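Beneath this line is the structure, given in structure tokens, with notes to follow.
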């Protein structure tokens, strides 16, 4: 069951955890509107109140179609609530196939929208500082929106620009000048991160662990060894643009106005007929069978204590995506009630609550939004019942050396290290659906592409029990 929050609104699921608190999903039980609620415990760290105040101030400045909306905030004692748009198309990383990428025309379209969002941010003096696919969300029309401004800062005010000196972001996406511990301009740093995102979209992999001379892949790039991966998978026109973006000297790096003049950026790409997308989870979608799904618009980046610009802040996590609700344009009057309300209580096991449609189905409603499954590429049906499927999963985890625990009814939390020796955590739910068992994988912390690689490895180990049954998502 959902937990009442304020009048007509329920808290129905935890979306992510971070250094200072968590993100919950709030749903209006009458209109089915959905809003992400960032719940912050201000006592978690000395610098928490100042950081949250800064995040709220920045969010209040934002209003653009390619940036997530900020609805408002309120505080109760030591708890601060931030209310934000809840996007319905998922995270960008879910559209990137590991080691393959995505169709070039899709990458170009997303890159256009990313540029539009970044141009807007820079135009009002804001730098994001943690641009990556986990922080780029899609709405129900596949329009890209930039999310999570926990590391963002103002670099220009009243036409006066200040240099930055803080190391923050996610290592594979940061610009090389950040690692030199010197002052640097803000805008070229975001441009560099956008270039890494474009590389990931076109090649399905990140080019290096970090842009330093100690990294062989980065040295190879500087020596123009484009016959190596990932560059050899990228066509010459977009590769030429990447050669202008991923330039070590920030003063020589291409600017966004010049990116917009680039040949590939302006090249009309033939989209052709829209084909059903075969997914790595044995699912498919078609233009006649599409279900909206909801994902969080927050990434809780870990923040170290201390507020000076010299602090190192690297992000390595993102929220867990997680329920299949219809999302309509959120009405201001309803959100006002949510922002101003005062009642709050905590769900005991929200992940299981929402994944198991039997728990939240409303009697008499054969197609109510609670029963719609999240559309995601990382899932499959098994040929076994729940208990036997669970046993096979446990055996596979042990063979692969994963740490795991049963964290909730029909849910397993798995921890491991990725190829960069960073923590990777994902959750697996076993869901009974049409008398079949669906094994649903969701990223909790870590790199999205690494998560998908581990999913494919696990699925391969379980090939004997994986069903070929596909799910066709209904029109909503």
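Glycine is no exception: its Cβ is also placed from the backbone N, Cα and C atoms.
Features reported for this protein in Swiss-Prot:
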ACT_SITE  130  active site, proton acceptor
COMPBIAS  298-320  compositional bias 'Polar residues'
MOD_RES   280  phosphoserine
MOD_RES   286  phosphoserine
MOD_RES   296  phosphoserine
MOD_RES   301  phosphoserine
MOD_RES   317  phosphoserine
MOD_RES   345  phosphoserine
MOD_RES   463  phosphoserine
MOD_RES   467  phosphoserine
MOD_RES   468  phosphoserine
REGION    1-265  region 'Interaction with CLSPN'
REGION    267-329  region 'Disordered'
REGION    391-476  region 'Autoinhibitory region'
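Here the features listed in Swiss-Prot are painted onto the structure.
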residue	record	DSSP class
130	active site, proton acceptor	coil
463	phosphoserine	coil
468	phosphoserine	coil
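Annotated pair residue 130 (active site, proton acceptor) and residue 463 (phosphoserine), C-alpha to C-alpha distance, rounded: 37 Å. Helix, strand and coil counts under DSSP for the region 'Autoinhibitory region' (391-476) come to 24 helix, 36 strand, 26 coil. Counting Cβ atoms from all protein chains shown, residue 463 (phosphoserine) has 8 others lying within 10 Å of its own Cβ. Here the modified residues are 467, 468, and the one whose Cβ sees the fewest other Cβ atoms within 10 Å is 468.
When pLDDT values are averaged over the region 'Interaction with CLSPN' (1-265), the model yields 92.
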